[in-house]
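Comments concern the structure below.
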Amino acid sequence: MTIETVTDVDALTRRVRSLLAERGSRCGTVTLVAVDGPSGSGKTTLAGQLGEELDALVLHVDDMHQGWTGLLETVSIARSSLVDAWLRDEPASHPTWDWDDSVRGADVAVPRADLIVLEGVGAFAIAGHEASAKVWVQAPDEDRQSRAIARDGEVFASHWDVWADQERRLYTAAPGLPDADIVLDTGAAPPDDGFDAGPSMWLVVLGVIAVSLSMRTLMTSLPPLLPRIRDDLGLSSVWLGVLTTLPVLCMGLLAPAAARLGLRLGVVRCISIAMVAVAIGNLARVLGAHAVGSLYIGTLCAGAGIALAGTLLPGMVKAAFPANRAGLATGLQMFAMMGGAAVAAAVSVPLADALGDWDLSLGFWGVVAAIGLLLWLPVDRAVHRGGDHDQHPPDLSHRLPWRSATAWCVAAYLAVQSWQFYSTLAWLSPTYVGQGWAPQEAGILLAVFTGVQFVSGMVGPALTDRVGDWRIVLVAVGLCGLAGQLGVWAAPDAAPWLWVVLLGIAQGASFAIGLVLLVRYAVSPAAAARFTAMAFLVCYTVASMGPTTMGAVRDLTGGYSAIFLVLALLMLVQLTLTLLLRPGRAPVQ
């Protein structure tokens, strides 16, 4: 049999089409294309591109692996549940693995399709002679290992030798390269999920920063203007509370829908849509002084956009950046997010004075979001020129990791952290106004709190790239937060600026590192999106109750200081959860 070597996806697609036309279906009513090759050779991206060109369903053997040592077992089970079922014209399913309990999971039904691309280590052995076309993808060993570890991080690095030995045994016992129809050598430049090396990576960095700048301005621009809004509109404290809570609720309740939309339309395109919503929602608040409904509708619209972009950005980081740079990439994201938050808190009142009213000040952040959209659109165009690479079929990709102990630990950690952040954001300024400070001084204190996060949110994640155990950093910043909370509780006027700096260090770094964990624990960009959706649903829904609950504490005790005693107790809970977040935990599928 002649093996044809091709050098690009277009040539590969033409050759596969020719083989399919010549051979037809060999697997019942299903026409099967197998894409095989050792780990790190570039199979997944290549199969996604091929599936897009052929309008085929793509199945990933990675989704079927029976643990780190079960490659040969995976081939046997998948052959029986997929190919044998197709030959009998029966509904097919594929096996899964419960990574938390290390046992076989429930089988997943495979949608019916006329043309299927089966991709992964062992695809040739699973497909057998029933494949109408077989594509072998290869690359030098050193390139493959570096790519695989860059993609999957420390989780794969610790299992590389065991996995490579299984691959050798599989390809010794079963057909590999000799059984291929077509060979593609990716060499040092494999297909790359739409993100090119060099300058385009900086394009992605710029786009992530531009989007992140608008992820908190909706929330932090509002508190300094609440007295004016109350006086102009006559809103009660309850309705003002609803206004401040709406964005946080959106981020929680809409996170699962955001993940589904990302899988359906593509992450990059969805972030573009999100930025449109953020811009329109903020601009709608301009009408708030004359139509109070537009203030709430605009806040809801912008909050939905923030929920969509915030849920999908960690998966974007997972796909676009190597695992050993996930901390730095997330740090840049946080740098922009908290920088935007700090600026919004500091300039909202001066903007209102300069522009003539509070509604124009709130609407200004819609202009900032529109500029962010313009800077993101080149990323959107660059990615979609190469085709949409979100190839996992919806029926296989919409489940959130509710049964993952690791996912619950991270979600609980983020929930406790976010409760503290939003409660501090809501009550720090009133606490010091209650101590006799002028409102403008208290506003500057709030700006310092968010401004410090501008730095700690970038430095904290970057440190996780350098230390073996990120819990060291998490415990250190948690202790800083505990000291700040106890300081505000016991001696608020003794060193207020120090307390606020300590609080900012803790909140900025601990949340940013939480975002890093969403990337590091996930096994793939799609898993990161589902993991983020689950974690955000839990953490923001819980956190939205924080400011109101802390207000009840204030009413019950008759003072503000007790709020920070409760927050200090919650920091102890956060420190306890931190100890559970060890690097070797089971990954989130």
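Placed from the backbone N, Cα and C atoms, the Cβ positions cover glycine too.
Lifted from TrEMBL, the feature list:
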- 200-586: domain 'Major facilitator superfamily (MFS) profile' (DOMAIN)
- 201-218: transmembrane segment (TRANSMEM)
- 238-259: transmembrane segment (TRANSMEM)
- 266-287: transmembrane segment (TRANSMEM)
- 293-314: transmembrane segment (TRANSMEM)
- 326-348: transmembrane segment (TRANSMEM)
- 360-379: transmembrane segment (TRANSMEM)
- 400-422: transmembrane segment (TRANSMEM)
- 442-460: transmembrane segment (TRANSMEM)
- 472-491: transmembrane segment (TRANSMEM)
- 497-519: transmembrane segment (TRANSMEM)
- 531-553: transmembrane segment (TRANSMEM)
- 559-581: transmembrane segment (TRANSMEM)
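At the 8 Å Cβ threshold, with sequence separation of at least 6, the transmembrane segment (201-218) lacks contact with the transmembrane segment (472-491), having fewer than 3 such pairs. Using the rule of three or more Cβ pairs under 8 Å, pairs at least 6 apart in sequence, the transmembrane segment (472-491) is not in contact with the transmembrane segment (238-259). Scored by C-beta pairs under 8 angstroms, the transmembrane segment (293-314) has its highest count with 531-553, from the stretches 360-379, 497-519, 531-553.
For the transmembrane segment (531-553), the partner stretch with the most Cβ pairs below 8 Å, chosen from 360-379, 442-460, 497-519, is 497-519.
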